[in-house]
Amino acid sequence: MIFAIEEINTNESLLPNISIGYIIYDTCGSRLSSMSATLALMNGQEFAAGDRCNGQSPIHAIIGETESSATVILSRTTGPFKIPVISPSATCECLSNRKDYPSFFRTIASDYHQSRALAYIVKHFGWSWVGAVNSDNDYGNNGMAIFLKTAQEEGICVEYSVKFHRTEPEKLQRVVETVKRGTAKVIVAFLSQVEMGNLFDQLSVQNITNLQIIGVEAWITSESLMIPNSFHVLGGSLGFAVRKTNIEGFADYVTKTFWHTAFPCLQREGNSSQYGLNCSSYQDLLVLKNYNEDLTEQRYSNNVYKAVYAIAYSLHSLLQCTKKGGCEKSLTIQPQQVVEALKKINSTLKTGDHVWFDSSGAVVAQYEVVNWQQDLNGSIQFKPVGYYDASVPPDQQFVLNTENIIWAGGQLEKPRSVCSESCPTGTRKAAQKGRPVCCYDCIPCAADSNNCKQCPGEYWSNADKDKCVLKAIEFLSFTENMGIVLVFFSLFGVGITALVAILFYRKKDTPIVKANNSELSFLLLFSLTFCFLCSLTFIGRPTEWSCMLRHTAFGITFVLCISCVLGKTIVVLMAFKATLPGSNVMKWFGPAQQRLNVLAFTLLQVLICVLWLTISPPFSYKNMTYYHEKIILECRLGSIIGFSAVLGYIGLLAVLCFILAFLARTLPDNFNEAKFITFSMLIFCAVWITFIPAYVSSPGKFTVAVEIFAILASSFGLLFCIFGPKCYIILFKPEQNTKQHVMIKNPSKSF
């Protein structure tokens, strides 16, 4: 501070005709002394008991305190009087509260950044199980609270979090016992320099070593801890240190001041003989007069330097100083004016540092990551191995060179600190009751465990639960037994239908074939052939095209089939109505009208299918939810409404056909086809009514098998019920295949 003030007072461009004065109080680390010094600064040196305050502060700014707790006292005391306080080393995040500390500034970053960076460095090295020790004061408590919160967010478990104050040796002993009993190999020490010294002493006495200690700027570069046996306990420590900056001329200034203070003989006030007499006893030491290597770790010096210059630049602005005209000495400067000027300051020092304060009165967080290492002669070095800079983008803020790090106890291998080792493949984590989530037991994976590593969607774990293998794919194929059986019956149906068609074609001129429109009979046989064939589209690997084909082909062929049966039923019913005297109803149900009805009914189903395929068509889908161990390839319907419309339309025609056939069953005829149509529709409706619950409850490929069975059963029902009796007469009762026999009207018995 004195160096900076003397430098400013000799600077012709900064406060050119103004000299800065100062008074220094040493609080000796005592809060009581800090309060006394604060009141002395505010009242002035000559303030005596009984004097009245004049409302004017004798000082414009205070630089201090060193520790956060003392700075809190200082700032709360000076706050009502708007006296600016600038601390070079008080880092407690609590001081960032501008409501409580409106005139507080600091040339060091808040612990908010350092505490979070501690959690980041722990996570970076993969340590999930740590212990935590902090000073029981504002600095330690606030810093540790931020670290614990960030650690929880980053998935780091804290085995214990203990604290002590320098005046509490009993608590210190309990802390050491906790550390000794703990299993964590990494300790986060958010301690001030004094508390760290106390902890180090106890760790040394009890020979507690091989702990990877992560430190903070308050002690990580403290030279007071660099004693002969300290590396045995603190060797390999990592931590964040205030960034080193070289202040030109400062090392020589300190060295010169030291020699002139410690060795009075160097001050030549007498004759030369007296000088030689006084200095003769120091000859061995005087050779070190120009040695200044031990000043390299004066990291906080730059913070003090910046604090003094911040005040100087503020006064320079308030006094309206110019290089030629000097400063307006007649102006009266109030401390509150200095506070406002400090908020606006933005200057650059000769060291290259910027002097400015953010909205909380602090500067940007910039730390060096240092590592306690030992050189060849055994001396301790604070080796920079990385940095943290909050002023750059988040992905560039934290940089570490792990290759240059020496770990706890001087080891070259990074220590492990976990509560439980990672579970081997095939096992999962089971939380231990009452312990943090990082502590767990490893138990074999269950098939439905959410804690084990999930295989990708199309994979499944093997029997040993240690490898993902491709799931079996299930669909109804042509090569499996069930597929072969269904193909056989489908082709068998086609063959039977073809034989019936050949038989009817050869006997097309016989009365039994010509009765009830032989053209509809051939069209019905044609549609039944496609009904049998469409079942084949349901077998094989589902694809986008096969899914669309199978449902539309099924819907259209069955409507064509039922339309033919409906046409035949209407013809039977109308034929008997036409026998009544004066009736000419058959002219409306001739062959042309029958063909037109079949076409109209079928086109309506075609329209429904086109709309279905246009709006939301069926598609191939890999069902991985029904079974865990295999994938079911299936056709999703796309639009449930579309599928329901197709089935509903078929059902409507079937019910209508059944009702009409049922009404015509008692009509007198030696060969009443309505009876057989009734039976066929009864079978058809029964099959499809039972199909619905069976379809819904059948898993995997059996769903497709049920649908194919329904198609084949209903198709065989139509084929045998409608054409079976006719084939029987043609083949085995040819004497009944005459016009006279067919035209004989016998009253039919109802059933």
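In case you wondered, yes, glycine gets a Cβ from its N, Cα and C as well.
Pulled from TrEMBL, these are the features on record:
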TRANSMEM  482-505  transmembrane segment
DOMAIN    482-746  domain 'G-protein coupled receptors family 3 profile'
TRANSMEM  520-540  transmembrane segment
TRANSMEM  552-576  transmembrane segment
TRANSMEM  596-615  transmembrane segment
TRANSMEM  640-664  transmembrane segment
TRANSMEM  676-696  transmembrane segment
TRANSMEM  702-723  transmembrane segment
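Per-residue pLDDT, averaged across the domain 'G-protein coupled receptors family 3 profile' (482-746), gives 80. If you look at the transmembrane segment (552-576) against the transmembrane segment (676-696), you find at least three C-beta pairs under 8 angstroms, all six or more positions apart, and that counts as contact. Counting Cβ pairs under 8 Å that are 6 or more residues apart, the transmembrane segment (520-540) and the transmembrane segment (702-723) reach 3 or more and are in contact. Contact between the transmembrane segment (702-723) and the transmembrane segment (596-615) is absent: fewer than three CB pairs lie under 8 Å, with pairs separated by 6 or more positions in sequence.
Within the chain carrying the transmembrane segment (482-505), a Cβ under 8 angstroms from the stretch's Cβ atoms is held by residues 476, 513, 518, 521-522, 525-526, 528-529, 531-533, 535-536, 539, 701, 705, 708-709, 712, 715-716, 719, 723, 726-727, 730-731, all 6 or more beyond its ends. Long-range contacts of the transmembrane segment (596-615) within its own chain (CB-CB distance under 8 A, at least 6 residues past either end) are made by residues 520, 523, 548, 551-552, 555-556, 559-560, 562-564, 566-567, 570, 638-639, 642-643, 645-646, 649-650, 653.
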